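Below is one structure, written out as structure tokens; comments come after it.
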Amino acid sequence: MKLENKKGYLYLEDGTFIEGYSFGAKGIKVGEVVFTTSMNGYVESLTDPSYKGQILIITHPLVGNYGVPEKKYEQGILTNFESERIQVEGLIVAEHTYPSKWNSALTLDEWLKSENVPGVFDVDTRMIVKKIRTYGTMMGIIASELEIDDPRKYLEKKYDEIDFTQFTSPKSPIFHPNTGDMIVVVDCGIKHGILYGLYKRGFSIVRVPCSFSASKIIEYNPKGIVFSNGPGNPNLLENQIKTFSELVEYKIPILGICLGHQIATLALGGKIKKMKFGHRAINKPVIESNSNKCYISTHNHGYGIISKNDIPPNTKIWFYNPDDYTIEGLIHEKLPIITTQFHPEARPGPWDTTWVFDKFRTMVTGK
């Protein structure tokens, strides 16, 4: 389907120029070009704050066929979106189509337009993904209806050099009251699926900006602390790493997820490195070291613990990926700290590892 036959373009920093057709909003956006192999869940993926600053390629050839539903909330938590708005800078797909589903409120094209996000379709996504898989992620420009004379001037600032949590973290605390123990979520750009997983286990939740100091967090007298997912390079987050290090002294149970896992690793003395093209999919295997069980899990990260030699002292490997042997979770041997690089809440994806939230609840409540 060629919407109005308007041209759209993707420029890659290696000089590759790709021409397709434009849909969504008009304009120019810059970002790191990454891909997900997820076959569904584009609503959740596009609203995942971990994608802030990135242009997303969806490898599944047909996108948009079930449309975009209306937002649904429970206690201020979205139950079918991962944040209030689209987070990606742009979207690249092979084919875009109109929806046929009973609960569709908008087409994908209408949704992108309403949130000022450009898209390009009718391009060879397989070729682009093979290039990224071979040479690694790279910066790119997505543009509609116009060609860019000098793309290099748009690509001077690299993704790794920007703290994107400044765009995804809340500006002030947000409360989600419940009947259970109070926990603090250090919100670097949390997926609402994580919030919902915690809320359904009875926790009263206060989300605080990720710039909050340890002393401010302790003022809430939390029984547990969660460091959330979020976008960007964790090695830039000196304040958050310092905050985690100081919170460790209180011996309060801590759960780190995705970026939170990376912050924990750095705060405890480990190393986080850039991956060649990352893990972005809803069918990634992880093996739990204690039981040797394999779980299928949802991933969205471009940084990680690449080798077992990079784990912090006094921690042991909780999960690892059998495809590339990157480390997918840690347990501290002396402190009540657990982390997962993957997303136990899924959304989208399988629910194999939602029990991680139950383990954290046991750490907090003692039962």
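Cβ coordinates are placed from backbone N, Cα and C, and glycine is handled just like the others.
Keep in mind it's a predicted model, so treat the numbers as computed, not measured.
For Ser50 (L-glutamine binding site), the number of other Cβ atoms no farther than 10 Å from its own Cβ, over all displayed protein chains, is 28. Annotation source Swiss-Prot lists L-glutamine binding site at Ser50, Gly230, Gly232, Leu259, Gln262, Asn300, Gly302, Tyr303.
Annotated domain 'Glutamine amidotransferase type-1' per Swiss-Prot: 182-367, in sequence order, evidence recorded as sequence analysis.
Summarising the annotation, Swiss-Prot assigns active site, nucleophile to Cys258 and lists sequence analysis as the type of evidence. All protein chains included, Cys258 (active site, nucleophile) registers 32 other Cβ atoms within 10 Å of its own Cβ.
Here Swiss-Prot flags His343 (among others) as active site. DSSP assigns His343 (active site) to a strand in the three-state reduction. Sequence-distant contacts (6 or more apart, same chain, Cβ under 8 Å) of His343 (active site) comprise Lys191, Gly193, Ile194, Asn229, Ile257, Cys258, Ser297, Thr298, His299, Asn300, Gly349.
Annotated active site per Swiss-Prot: Glu345 (among others), in sequence order, evidence recorded as sequence analysis. Its Cβ placed at the centre, Glu345 (active site) has 24 other Cβ atoms within 10 Å.
The Cβ neighbour count for Gly232 (L-glutamine binding site), using a 10 Å radius over every protein chain in view, is 27. The two recorded residues, Tyr303 (L-glutamine binding site) and Glu345 (active site), have Cα atoms 20 Å apart. Under a cutoff of 8 A between CB atoms, and with a sequence separation of 6+ in the same chain, the neighbours of Leu259 (L-glutamine binding site) are Ser50, Thr165, Cys188, Gly189, Phe227, Ser228, Asn229, Gly230, Pro231, Gly232, Pro234, His301.
The secondary structure of Gln262 (L-glutamine binding site), as reduced to three states from DSSP, is helical.
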